[in-house]
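The (2R)-3-phosphoglycerate binding site annotation in Swiss-Prot covers 23, 24, 25, 26, 38, 39, 62, 63, 65, 66, 121, 122, 168, 169 and is backed by similarity to another entry. What Swiss-Prot lists as CDP binding site is 212, 217, 236, 336, 341. The ADP binding site annotation in Swiss-Prot covers 212, 236, 341. Per Swiss-Prot, Mg(2+) binding site is recorded for 213, 217, 373, and the stated evidence type is similarity to another entry. Positions annotated as AMP binding site by Swiss-Prot: 213, 214, 218, 237, 311, 342. If you look up Swiss-Prot, you'll see 213, 218, 237, 311, 342, 373, 374 marked as ATP binding site, on the strength of similarity to another entry.
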């Protein structure tokens, strides 16, 4: 799966056409009030670009929440239509469904670049292809899924996908359009450009920074990156499993991953074979409980962490070591914080790592932050705009870094 040769919205002739854009408007709601409109704002450049090129109609489609394949007013996209209208400075017509004769009629009778927002795609079981009933997964009928995809295709002449956050899902709106031209929107294209920079053609030295609780959750990630990078910083909870297995360090009540422990020797062996430097913490900030009010202490690899205490952050020497490792790199992919940054007392390791990453980017390095917790870090402590790229897709970026193909990306047309 090449990331760098996909058709972009800029390659399309949209004049007079029905342009279907799969966006990610999965915004947080409090009742019918949007509490954070960032995802809507992020889609504006693609929508505006298409509008500037005289389409017949722009049809926008998204999911919101997890309605489990049935209509649930709580997850309606209706509030998004009003917000989008005020951001675009243009009327947005909201339809009460995403497929069917009424929707087709509204789309086909639109003109002069009208903007239509469809109702939540996931109100139909055929979008995700299954639903949960009494703890069981029930698959959608194959013929019904094919029909749903045909109904979506009937609304469009060209297809644009700007929903990177859902690119790892083979959902109908991501892979179901029987159209010649299936292009990436600006958001999607930016994600692909940056991940291609790292995974297909990195400027070296290439560093991966990995955090998170369990080695077993990140095994595919570590294994894939060991074939690509020059060094890896292992931080967060999973560092304790590494140091206990490798050096028999006492880790007290810190996280230990039994299943992951069995995998550590193989990963270390592969790192040696590939000449990849593994950088582990050498000291820790400890706590007497997993709490923001915990009593804080310090421990080193030499002293070990006594029983009754747990490591919740990287200590001062580890911060220096991590900063020095970051300073040497020219390309960095960061997925997972080095400590429990949600608690102020245990956020210093994460803040110091972010500062080092920002400095690297300002000195010309490429610093890519995977979605999820690490994107939250960049937002919380300020710095998202100073890094090269903060991904909008937690699950999607993780699967890319694990070396998996993303259905929504594979499905995009190649550049001619």
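Quick reminder: no glycine exception, Cβ is built from N, Cα and C everywhere.
Keep in mind the model is a prediction, meaning the values are calculated, not measured.
Here the features listed in Swiss-Prot are painted onto the structure.
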residue: 38; record: (2R)-3-phosphoglycerate binding site; Cβ contacts under 8 Å, 6 or more apart: 27
residue: 62; record: (2R)-3-phosphoglycerate binding site; Cβ contacts under 8 Å, 6 or more apart: 22, 23, 24, 25, 26, 77, 80, 118, 120, 121, 163
residue: 65; record: (2R)-3-phosphoglycerate binding site; Cβ contacts under 8 Å, 6 or more apart: 26, 29, 74, 75, 120, 122
residue: 213; record: Mg(2+) binding site; Cβ contacts under 8 Å, 6 or more apart: 236, 237, 238, 255, 257
residue: 217; record: CDP binding site; Cβ contacts under 8 Å, 6 or more apart: 260
residue: 311; record: AMP binding site; Cβ contacts under 8 Å, 6 or more apart: 240, 251, 252, 254, 284, 285, 286, 287, 299, 305
residue: 336; record: CDP binding site; Cβ contacts under 8 Å, 6 or more apart: 209, 210, 211, 212, 218, 235, 236, 370, 373, 374
residue: 341; record: CDP binding site; Cβ contacts under 8 Å, 6 or more apart: 347, 349, 350, 351, 377, 380, 381
residue: 342; record: AMP binding site; Cβ contacts under 8 Å, 6 or more apart: 292
How many Å separate the Cα atoms of residue 214 (AMP binding site) and residue 168 ((2R)-3-phosphoglycerate binding site)?
-> 22
Enumerate same-chain residues with a sequence separation of six or more from residue 168 ((2R)-3-phosphoglycerate binding site) and a Cβ-Cβ distance below 8 A; give 'none' if the list is empty.
-> 393, 395, 396, 399, 404, 406, 407, 408
